[in-house]
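Taken from Swiss-Prot, the feature topological domain 'Virion surface' applies to 31-469, supported by sequence analysis. The N-linked glycosylation site annotation in Swiss-Prot covers ASN61, ASN70, ASN86, ASN146, ASN200, ASN234, ASN402. The annotation region 'Head of neuraminidase' is assigned in Swiss-Prot to 91-469 on the grounds of sequence analysis. The disulfide bond annotation in Swiss-Prot covers CYS92-CYS417, CYS124-CYS129, CYS183-CYS230, CYS232-CYS237, CYS278-CYS291, CYS280-CYS289, CYS318-CYS337, CYS421-CYS447. The Ca(2+) binding site annotation in Swiss-Prot covers ASP293, GLY297, ASP324. According to Swiss-Prot, the feature active site, nucleophile maps to TYR406.
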Amino acid sequence: MNPNQKIITIGSVSLTIATICFLMQIAILVTTVTLHFKQYECSSPPNNQVMPCEPIIIERNITEIVYLTNTTIEKEICPKLVEYRNWSKPQCKITGFAPFSKDNSIRLSAGGDIWVTREPYVSCDPGKCYQFALGQGTTLNNKHSNDTIHDRTPYRTLLMNELGVPFHLGTKQVCIAWSSSSCHDGKAWLHVCVTGHDKNATASFIYDGRLVDSIGSWSKNILRTQESECVCINGTCTVVMTDGSASERADTKILFIEEGKIVHISPLSGSAQHVEECSCYPRYPGVRCVCRDNWKGSNRPIVDINVKDYSIVSSYVCSGLVGDTPRKNDRSSSSYCRNPNNEKGNHGVKGWAFDDGNDVWMGRTIGEELRSGYETFKVIGGWSTPNSKLQINRQVIVDSDNRSGYSGIFSVEGKSCINRCFYVELIRGREQETRVWWTSNSIVVFCGTSGTYGTGSWPDGADINLMPI
């Protein structure tokens, strides 16, 4: 090959390489632009059940890094299909309960702006748990906190924070409410918010941040609801509401709600005589609630809800170790599954229990007359055997020298089973602590565990002498 041929060959090869590089750069540019725009787009299937990929979404799915020569492109994978929750997994097998969360709201109020609250509860969406409470329209270190022992005022609102975050000044006020319930159906939050005059209150149904439906008082006597989470199965949410006397017969209804719209209302049926402040949990294919009888029984009523045909069955927890306060001592107390026990039934406190085969797990105040201390245990045969009293796996959550209050259940879906958790309201201030003029609370939260656990006590812990008056 002569020199001229060599020059021509080298030039041709160089031109070919330059052309290839030029085409590669064009391909890289096109790919970059395409991926840049596609990271904000999702192709929606016919049922339109895909969440849009928009820059405002905080919770991302996965991120892939694609390397092309020296260019790095970040490509976001669109979120998975959003589906209704069906809660069809079995209940987790547990040996007891382990500590999960504590917000220390009252202790923090001694030196910070924390809301005055009561009636707290916990509920979870598919990815995260939140704490709720009914605020009193004031912080604790504020003269408006005087006389906040009252339950129903137009200033009360439903507060919502991530679990473990106290209700600070930046807390979202979800709705106006002096009674409430909240639950997530797998797609969005439903909030049931009751407010208004005692004799003509309104319940608002807020779904996905929008008011969808409402219902007025049907007995003109303090319309009220659960003060803990409702339950949604396959898009149908159930909430138990009562209107009427707190110490005689009242009118309880179970509302069935789909995306915020009331689709059916069933009256309470069965042998339960008085039902308030139910603590409900999914028991596929239905919903099961353990409630407060404020009239005749210190044994707790059970309400079983059929989500498919809207039928209702009610009875009472069989355990002779009863769950309400006030109550008789354990030697004298009784329950025979069907009817109220007529033992110190007038008055009571919100509480919880759940079935475990023929047995029952339950929590209650340690005090038989006062809302002091808190304990949990399992009663063998307590769900099916009348007046069963064999107690095992007892745990002290709050020692008897410290105050407690309401308690309730919430459910958390794991990979293979559904766990049951509970919270305890730790009330401080009036009526018992008269040095101060306010009434508020903090919470402590435990969840079921299949492991081992130790002992302890987790009271509110605030020194009332260090608190604002």
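One-based numbering along the chain as shown.
Glycine is no exception: its Cβ is also placed from the backbone N, Cα and C atoms.
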Next on the checklist: If you average per-residue pLDDT over the region 'Head of neuraminidase' (91-469), what number do you get?
Outcome noted: 97
Next on the checklist: At a 10 Å cut-off from the C-beta of CYS291 (disulfide bond), count the other C-beta atoms across all protein chains.
Outcome noted: 31
Item to check | Residues satisfying Cβ distance under 8 Å from ASN146 (N-linked glycosylation site), sequence separation of at least 6 | outcome: TRP437, TRP438
Next on the checklist: Here's one to test understanding: among the recorded positions ASN200, CYS232, GLY297, whose C-alpha is closest in space to the C-alpha of CYS417 (disulfide bond)?
Outcome noted: CYS232
Checklist entry - Which of the three DSSP states, helix, strand or coil, fits CYS417 (disulfide bond)? => result coil
Checklist outcome for this item: Note: in the chain of CYS237 (disulfide bond), residues six or more apart in sequence with C-beta under 8 angstroms of its C-beta are CYS183, ASP185, LEU190, CYS230, VAL231, PHE256, ILE257, GLU258
Next on the checklist: Using a 10 Å cut-off on Cβ-Cβ distances across all protein chains shown, tell me which of the disulfide-bonded residues (CYS124, CYS129, CYS280, CYS318) has the largest neighbour count.
Outcome noted: CYS280
Checklist entry - Which are the residues of the chain, ASP293, GLY297, ASP324 excluded, whose CB is within 8 A of where the CB atoms of the Ca(2+) site average out, their centroid? => result HIS274, ARG292, ASN294, TRP295, LYS296, SER298, ASN299, ARG300, PRO301, TYR316, VAL322, PRO340, ASN341, GLY345, GLY348
